[in-house]
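Asks: First the structure, then my questions, so here it is.
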Amino acid sequence: MKTLVIAHRGDSKNVPENTIAAFKRAMELGADGIELDVQLTKDGHLVVIHDETVDRTTNGEGFVKDFTLEEIKKLDAGIKFGEKFAGERIPTLYEVFELIGDKDFLVNIEIKSGIVLYPGIEEKLIKAIKEYNFEERVIISSFNHYSLRDVKKMAPHLKIGLLYQCGLVEPWHMALRMEAYSLHPFYFNIIPELVEGCKKNGVKLFPWTVDRKEDMERMIKAGVDGIITDDPETLINLVRKGG
């Protein structure tokens, strides 16, 4: 079975992360899907940005939660990446869904609900997914497993993926207990026991964030189901060559 190529925040190696331009580029390259992050604005809109503050990726300063949608849309999310990307904006989740349309394309949505908690984000996300008919094309992931538990309670049919960083023992048991579709470990944790345990128990495995060619080759050889990477072009070429 082919290893899925999931572009982390889009083609974030070459284009400003979590922007429409980055997602469009990932689609043009032939990625199987994208990974993106959602947070809530002050007035309750789902916006796509990784950090809890806008400082690193835009020309603004402050917490995402303190901006209204109108205010956050005035920020330049491309200028720090280079002049040619000036004018890129922080997209809403709806705008990303509109870009993808009815294409057979995976969207891994990470709920950012840790440093800043966003009460009600799960309900808003589920509503957006249903509204745009993305139920079969999304995996909702988070480091906050309470948030994922809430998603599963409200929408049992949606796929969830458990994000984690440390070397957990037999984590597929936790995945099965939570009725999770997948595990999303930091790629250093990929060992034969983990791959075998997941395969035996029907749990998909999507390690992150794999950017070096030699690590991509190791992940493909290990037999993971998909790879989350900042460099989708290199990974696509490797997968096409058979690893």
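Glycine is no exception: its Cβ is also placed from the backbone N, Cα and C atoms.
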Asks: Taking Swiss-Prot at its word that E35, D37 bind Ca(2+), choose the one of E98, E110, E122 listed for that site.
Replies: E110
Asks: If one measures from the C-alpha of H8 (active site, proton acceptor) to the C-alpha of D37 (Ca(2+) binding site), what distance in angstrom results, rounded to a whole number?
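Replies: Answer for this pair: 10 Å between alpha carbons.
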Asks: List, in sequence order, the residues of the same chain other than E35, D37, E110 whose Cβ lies within 8 Å of the centroid of the Cβ atoms of the recorded Ca(2+) site.
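Replies: For the Ca(2+) site, the extra neighbours are H8, R9, L36, V38, H50, N108, I109, K112, S141.
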Asks: Please work out which residue of E35, D37, E110 has the most C-beta neighbours within 10 angstroms of its C-beta, and give that one of the binding-site residues.
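Replies: Counting Cβ neighbours within 10 Å, the top one is E35.
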